[in-house]
């Protein structure tokens, strides 16, 4: 009898445990944990049979969205990215006299770029003392990164791939979630927000978005790592605006730098330098989102066709005296 009683103890312990689980106190919320409650949002129901735009392509053949005005609801997107608590990095190179464009660039970014979200501006410059003081909003900071200049603007343009790749590993991966790489001789003129964010995005060149692939100014010499044959190519992407997650931007910039170094070893330089290599990379590694020419436009050269409903990021008119070395 005694042996039988002892053999029941494990079963008794198991039954008591089950009862405590089902009828005991509910698990307590760990200290410091916050429950995020989504705000109640009212907006029109999306309709399956009604396209958002009929005058432009809004989806690539590999199912990446092409972002035009009228294809997204920024209120929905803002709430989704606030839930993710994202920080966006913006890299810009202000080398030599190009530092004169920084003030307008930063002031207009504060008005239109990622409003309501955390932003780190990373300014690469050889003239840190000339970086202007600009009032920044809450959650936004300016980081000045001193780098050497170069004799030719082409060398500056190409060296940025290496610098961005290096800094992705050294600090960007610890500080921001997404990284956007842009030219400094530009100004923000309308909303540029989280609708652009994606693991890897490129921007349609405003001079080629209507053109056939045979007319794209790709590198056509087979000796170059940037070579693209005339029967290949999706779009022509602008080197002045690209980005994505820090990991994807590091992969892109590292690959482009390595390709440029291989070209240099073979005594060749791609026709449009880092932009040529960017186009080769985005042909092989399809972007997960494509920005329309609204996101990079030159009204002085191109006017304003009807398909461009917003002028979001625009070239700044310049003269030779303004940027003379």
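The chain as shown is numbered from 1 upward.
Each Cβ is built from the backbone N, Cα and C atoms, and glycine gets one as well.
A TrEMBL annotation is a machine prediction, not a hand-curated record.
Going by TrEMBL, these are the annotated features:
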SIGNAL    1-26  signal peptide
BINDING   93, 94, 95, 98, 183, 184, 185  UDP-N-acetyl-alpha-D-galactosamine binding site
BINDING   183, 185  Mn(2+) binding site
ACT_SITE  275  active site, nucleophile
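Taking the features listed in TrEMBL, we show where each one sits on the structure.
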{"residue": "93", "record": "UDP-N-acetyl-alpha-D-galactosamine binding site", "CB count, 10 Å": "23"}
{"residue": "94", "record": "UDP-N-acetyl-alpha-D-galactosamine binding site", "CB count, 10 Å": "24"}
{"residue": "95", "record": "UDP-N-acetyl-alpha-D-galactosamine binding site", "CB count, 10 Å": "22"}
{"residue": "98", "record": "UDP-N-acetyl-alpha-D-galactosamine binding site", "CB count, 10 Å": "24"}
{"residue": "183", "record": "UDP-N-acetyl-alpha-D-galactosamine binding site", "CB count, 10 Å": "20"}
{"residue": "184", "record": "UDP-N-acetyl-alpha-D-galactosamine binding site", "CB count, 10 Å": "22"}
{"residue": "185", "record": "UDP-N-acetyl-alpha-D-galactosamine binding site", "CB count, 10 Å": "20"}
{"residue": "275", "record": "active site, nucleophile", "CB count, 10 Å": "24"}
| message | Distance check, please: Cα of residue 94 (UDP-N-acetyl-alpha-D-galactosamine binding site) against Cα of residue 275 (active site, nucleophile), rounded to an integer number of angstrom. | response | 18
| request: Could you state the whole-number distance in Å separating the C-alpha atoms of residue 95 (UDP-N-acetyl-alpha-D-galactosamine binding site) and residue 275 (active site, nucleophile)? | output: 18
| query | Between residue 184 (UDP-N-acetyl-alpha-D-galactosamine binding site) and the residue listed as 'active site, nucleophile', what C-alpha distance do you get in Å? | reply | 16
| message | Roughly how many Å lie between the Cα atoms of residue 183 (UDP-N-acetyl-alpha-D-galactosamine binding site) and residue 275 (active site, nucleophile), rounded to a whole value? | response | 12
| task | Take the C-alpha atoms of residue 185 (UDP-N-acetyl-alpha-D-galactosamine binding site) and the residue listed as 'active site, nucleophile' and report the distance between them in angstrom, rounded. | result | 16
